[in-house]
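Report on one structure; see the data block that follows.
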Amino acid sequence: MRIVIGEDEALLREGLTVLLTGAGMTVVGTAGDAGSLVERAREHRPDLVLTDIRMPPSHTDDGLRAALRIREEQPGVAVLVLSQHVQRRYAVELLGDHPSGVGYLLKQRVGDVASFEHALRRVAAGGTALDPEVVALMLQAAPRGSGDLARLSPRRREVLALIAEGRTNAAIARRLSISEKAVTAHVSGIYESLGLAPGEDDHRRVLAVVRYLGGLRPGEQR
Amino acid sequence: MITPGAGLSSTARPLRVAVVQIAVLAALLGLVELVLFVGTPEGPYWIVATITVTGWIYFAAGAYAWVRRPGNRMGPLLCAGGIVWLVAALVNTTYPPLVAAGMITATLGIAVVLHILLAFPSGRLRTRAARALTVLGYVTTIVGNSPVYLLDDQTVAGTNPLQIGDDPTLYELGRTLNGVALAVAVLGTSALLVRRLRRSRPEARRILTPLYLYGIAAAVVVSFAGQLARFADLGVYEIFLVQITLLAGVPLAFAAGVLRGGFARTGEIEELGAWLGAGERARGDLGPALARTVGDPSLTLVFRTDDGWVDGDGRPAPPTEDRALQVVRVGDRAVGAIVYDPTLVGEPEVVRDAGNVVALAVDRERLTAALLAGQEQLRISRARLVENGDRERRRLAQDLHDRLQGRLVLLALRFGQLPGGGDVAALRADLDEVLTELRRVVQGVMPSLLVERGLVAAVEDMAERAPLPTVVDVGVDEDGRRLPEAVEGTAFHVVAEALTNAVKHADASALRIGLHRADGVLHLVVCDDGVGGAVAAGVGLRGIADRVHALGGSLTIASRAGEGTRIEVSIPCGS
């Protein structure tokens, strides 16, 4: 798995490189600012771009904008964005209309190396990885958002939130201490409530997340 | 010691008497003429009489301007024009020497119009070009017109007393040359006036443009009536009436210009003295009173403080190059200055005189202005405090982000790579909690969305997280330009405080936030539908009110019991 890293803090950049290399991934390029991150991504055409949000030159959301640009230029490249703080609107912007190969995690999650690795691989494989904090923000906004979501029972919203985090049915079952069969039932119920036609399960999971997160677009008024 | 009015009126009175005496003489002269015209063969009596009447109009306008503005030469100039007209009218008498005088001065009125145009507003010819054009005008209309009165035998009265020949070729040549010379004088004058207009300030232009246009139009129409008449089907008398009407309007227009514009205004200076003595004055009246006296609507008054010139409200008002400055002194001490438009005010002496009259009053207003200047400095320093506070918060948030959060994440990364075990796992969990706690602290110091995306995004985000339904209405974002940091910070705190108030105290069920930016002012409105009764004296609201005021903004709270709370804030945010 070939990765380009965008991080302005040199020590952390090196730490991440060591971590990823140790996990059997290849760091093909690193960048300390948004401009060179976009260039590295063009140059190396990696499988995944891992980037910080607040980076030079303006030290605001440069990393996020670079990530969006890379996705636009190379739709095949997976993007995992890290930040000290998470914003709901950034998640919505990142997921866009094609929420595959996208991740948005709090920076501190790198401490949980195994989960972090797992998230990286999931995103690189076209899945999603959303920080529980992000999902919590979504949940906060959701009840007043889409009518479809408002109809979901609290338990099903919980399941949907975990789907949005990118978890498998098995993981959700463990997390909620219920059987995997129960989870499957909830998931089917969710698909039905959201009006998602029967089809490939992975695809519907993605659509459910989009529906869930798409209740609001950036800048949209409520 | 200044004694307004007294000394000035004593010199003004004899002048008035003298002018009235001259005017009476001119009136009598005109009456004699009107008697002499009886039986004139030149045309209908009333047509002939209009020339004398025009002379009277010049004289009356001139005398009035002269009395009202003794220091201004326009009055005497207009009176002289009146004399010219009375003399020119003599051509219609039957007594040969008088006819001769009238013939010589027949077109002199045109030169007078050019002279008036060039000398306006002071009545003095201040440039060499203006003097040259005036001389050209007089030479053309007296000497250049000589072929007419020396060679023409077409006078209706019969013999031309001045005739010395009758060569038609010479006559035509002379007339053509004279026409060219007159055209040069009129065009030259027009060019000079256009240049003056370009250089003058907009206020001056409003007065000068119509006068100049009228004067030039009159000169052109009168000078080239013969040529112009070919384009219009007019009889001799009709053309004459158009000419005489245009010329008779000139003194009225320019006398009005003298009275409205800024010229020697002894009468007004007396009025100013009387007005000062009356005592019924409010602060800030002095400048407009001076503007009226001097006749320059753009006139302003500035005051001398230890920190330089300030205006009546204490704001710094440094002198600019296009404005003239007349320092007002009490004794040797400069207390203020009259800032005026030198193109509009013909004579600086008037401004000086007016300044002397108001010196003591200026000194009194100076004290107020100095006090207000102090207040202004206080306001600026308060604004600076708020700005510094905001900058410090941002810097602190940035430092926490860059140094502490970054280092702790690195630490977490290293812990994560250690071989597992009970202690390590516990330490990892602790570190994760510390990071979560630190994240909240940083958000409290300065929300990261406010730093990264600005006020609108941060307020929308706050609305999303709000525990009650909240609608955000955002106005024009002016090309997405960010607001000044202190304004963003303050506005954000207003919304946060209003939200806290709505949730904690007002028992509100919905909140509406309006955020609009127009003409360099940020307007912020937050309304809830709660119980009302909020007061600005509350600690939180007091704090945001202080911040808003320090930035030169305003905050109003409408919160009658049972009618919800509406907080409105306006903060200047640059254009």
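Backbone N, Cα and C define each Cβ position, glycine as well.
Values in this document were obtained by computation on a predicted structure and should not be read as measured data.
According to TrEMBL, the domain 'Response regulatory' annotation covers A:2-122. Annotated domain 'HTH luxR-type' per TrEMBL: A:145-216, in sequence order. What TrEMBL lists as 4-aspartylphosphate is A:ASP52.
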### Query
Relative to the Cβ of the residue listed as '4-aspartylphosphate', which residues of the same chain, six or more apart in sequence, are found under 8 Å away?
A:GLY6, A:GLU7, A:ASP8, A:GLU9, A:GLY63, A:VAL81, A:LEU82, A:SER83, A:LYS107
## Note on the structure
DSSP tally for the domain 'Response regulatory' (A:2-122), helix/strand/coil in that order, comes to 59 helix, 27 strand, 35 coil
### Message
Please compute the mean pLDDT of the model over the domain 'Response regulatory' (A:2-122).
### Response
93
